Amino acid sequence: MNRLTNISKIRKSLIDGKLKVNDLVLNKIKEINKVSPNHLNTFISLQDEKSLGKQIKESQERYDNGTNKRLDGIPIGVKDNFSSKNFKTTCGSKILENYIPSFDSTVVKLLKEEGAIIIGKTNMDEFSMGSSSTSGHFGKVINPWSKPNNNNNNDNDNNNNGEVLYVAGGSSGGSAAAVASNYCVASIGSDTGGSIRQPSSYCGVVGFKPSYGLISRFGLVAYASSLDTPGVLTNNVEDAAELLDILIKKDQENDSTSIEFINNNQNQNQNNGEKRNILDEFNEKLKNKNIKDLVFGIPKDYLVKELDTDILNLWKEVVEEIEKRGGKVVSVSLPHTRYALPAYYLLATSEASSNLSRFDGVRYGYRFEEEKDENKVDNDNDDDDDVDENKIGMGLKDMYTKTRTNGFGEEVKKRIILGTMALSRSSYDNFYTKAQKIRRLVSDDFKNVFQGENKVDILITPTAPSPAFKQNEKMDPIEVYVNDIMTIPSNLAGLPACSIPLKLSNSNLPISVQLISNRLTDDNLLFAAHTIMNFDCYKDFTSLTPNYLK
């Protein structure tokens, strides 16, 4: 099955008996290990053979009996910050290297209930803190569009045989690279400031972040709880719609969904407040709507100096293609976009400093253990019950300090320190409170565009200011943070956003545009994304094979 084959076509082949679940799943495993085990380092861990065999057998039996579920036998990758029962969940960190949860996250549970086969847990930046998937404890993810050498030896970022390795983006880089490489049909990621959309752009796949609160966060290891959003990475928009339809459920057992998908569109011939099925809404729009029915906004504030020429040209080209087909395009202003990046890093790190305080070596995860000196003689002649409480206190403090110092990577420690500073008494008003005010202003900017005079339906922007950069490229930390400048605003406002790959840059790397819509108009966003991806000039992109797989 190639990248062009969507879930519905795979399911039909399985129902018709033209394809067996065993062949589908084991071919994916074979591809992952084709050159050497996990060659692109997309997965941290794969499902064990016994569990995999059991799931394959059960799925095939349901197909044979005509009782198959929607995702039966479909291999799905899951980012390694979603808890999965009896399956390591590491968050890409040494501190959780051997942590095995006793429960499934709601996202994993919903996938399993529909018969999906969780083929493995995908690699990521540690605790989702990064934009390149190079900061994790389990090594760097290689972008499948990298240029391989003749010997397929990836010991160095760039070697004498002409190999050039590019980052996969982050923090869901493993998920994006796995889908682009056809190692799984689709993958699950999390998006806090662009962590689904930016790697999707770098790897040339569809990345969809839904409205905040639609998909349950229960079992998603928190980075910044008010921003973290589960989402999907696929090769086409149809698969994104199908997965979202399964995952968008009010979580009755936990409080990590805040809203239900209701009719939020005044123009629809339905009663406001009526619950909707996102897949049905998407399919209905495909039948009865076209590009002429939408108003597209072009935010001039996204025209930043860091914008790559190829991406700028693609942005202009998409606008021209929409206008050629009768779509209405207007220029809009989001004036507080310039403040979104610093506000985000203050808010996200503040929440992270609190969320990550639980990793202390006491309750679960890695604990620092000092090496015992076998030759050390205990000269303490005091009675055993004569305990020095000060020594115990210092020992516990040392254990906390050394556990977190050795268990967390440099980027995570940097962000914890920044967040702790922002929440301190002397800095709270000057930093954290101001960042919250900026968040409100950014949200109001979007509200004015979507509900203002032009009634914009969809905003079109670049996804990232540049294509993927080289793995060994020396970059100032601020330059790295700027890679999220296009994606962060929609997280601050809780809006749905989608990255769609459309063509290759002059350096043969995927480039994309981002679409953003109003809250709870996720179905409209899916329709717009599908329509643009199927313009004649773009529809062949997903048939291209990434360089590293040729």
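Just so you know, the numbers here start at 1 and follow the chain as drawn.
Each residue, glycine too, has its Cβ placed from N, Cα and C.
According to Swiss-Prot, the active site, charge relay system annotation covers Lys79, Ser171. Under the heading active site, acyl-ester intermediate, Swiss-Prot lists Ser195. What Swiss-Prot lists as region 'Disordered' is 371-390.
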- Message: Sequence gap of 6 or more, Cβ distance under 8 Å: name the residues on the same chain that satisfy this around Ser171 (active site, charge relay system), in order along the sequence.
- Response: Gly92, Met124, Asp125, Ser128, Met129, Gly130, Ser131, Ser133, Ser190, Thr192, Ser195, Pro199
- Query: Counting only residues 6+ apart in the same chain, whose Cβ is under 8 Å from the Cβ of Lys79 (active site, charge relay system)?
  - Reply: Lys121, Thr122, Met124, Ser172, Gly174, Ser175, Ser187, Ile188, Gly189, Ser190
- Task: For Ser195 (active site, acyl-ester intermediate), just count the other CB atoms lying within 10 A of its CB, please.
- Result: 37
